[in-house]
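Report on one structure; see the data block that follows.
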Amino acid sequence: MTDVHGAELAVTVIGPDRTGIVADVAEALARLGANLTDSTMTRLRGHFAMTLICTAQASATEVEAALLPLSADGQLLVTVRDVGPDEPPHNGGLPYLLSVHGADRLGIVAAVTRVVADAGGNVTDLSTRLVGPLYLLVAEVDLPEGVPGELTKRLAHVADELGVEVNLRPAGADVL
Amino acid sequence: MSIEGWDITALGTGRALPVVTAPEPVLSRVGEPVDPTDPQIVALAADLVATMAVSPGCVGLAAPQVGVSVQLFAVDVTGHPKAATLHGAFVLANAVIVEASRWRPGREGCMSVPDLTGDVKRAGRIVVTGELPGSGRKVTITTDAFEARALQHEIDHCNGLLFLDKVSGAHAIYQRKVYL
Ligand SMILES: [Zn+2]
């Protein structure tokens, strides 16, 4: 629900995974009348991480206070802050999917995303996983028209230096 | 390939109707079976074809998308780069998938969910039975690739299902910024 009902707040919650974290946080927000809009929640190794935007009449301080009991045992780290209602920038790009995998080493994400940024690409979603010796990065990237060909070459070069495999492909959807 | 006994011009000229978007409840209701020879259904078939024609990039449209909760949809994937087997533009009533195989993922959007796309597994080869509006003739259509995906998407609409109901993971939904 896009809304005129109150300010937008950004909430992050992270802590050791256990059952009921999402329900606890969502209930606390609902009791305050805070409407959870966009969110992403996932397990990162043993930790559960929530990043969400909610709209609320309550202030950031009030929402933080309401979530305080959740962090009382020192397990969950909760932050709340005001964010502007600004729309994300539209660069008019086309959606691509980027995957990188190989032996773990320092700086893979930095090197790869720098090449993307230098090409005018905008990362809209990104996940990384380290499983044993294998490192994996998957990103959704919006690229300006005409860029993918050149970017593919530059990524191949960086991948060579890092000793990883890289793959960039269109992620456009078919409207049915 | 053409469907035996099918003549789209026999439907007459339809009117382009407004397309409803989620969360409109009609999109989540199971459509009623129809009598394909009923003149009202034939007229609705013509309307679906007409609505599809004025919607850029539209390759399929089901009756619930124009607010009518019945088992009827139009499809036309002619010229689509991912299409293999083609049956042209046609409308099918009371369609049922009787065989499905070669499942593969793909990213879909929908006119009724304009701001999102999602990854959905669909069969790459299907056999569908249904009835042609007008004659009421029973047909069996065997198809693959993109036409198979489109048919599955439209048959889902007729059963009150959106691609959102079949998305392949919690992170397989994407904000759609690019319009055709
Ligand atoms: Zn649809």
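The first residue you see is number 1, and the count goes up from there.
Cβ coordinates are placed from backbone N, Cα and C, and glycine is handled just like the others.
Those TrEMBL annotations? Automatic predictions, nothing curated.
Record features, source TrEMBL:
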- B:Glu154: active site (ACT_SITE)
- B:Cys110, B:His153, B:His157: Fe cation binding site (BINDING)
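Around B:Cys110 (Fe cation binding site), the same-chain residues six or more apart in sequence whose CB sits under 8 Å from its CB are B:His153, B:Leu162, B:Phe163, listed in sequence order.
Chain A comes within the C-beta cut-off of under 8 angstroms for the following of the recorded positions B:Cys110, B:His153, B:Glu154, B:His157: B:Cys110, B:His153, B:Glu154.
In the structure as shown, the Cβ atom of the residue listed as 'active site' sits within 10 Å of 26 other Cβ atoms.
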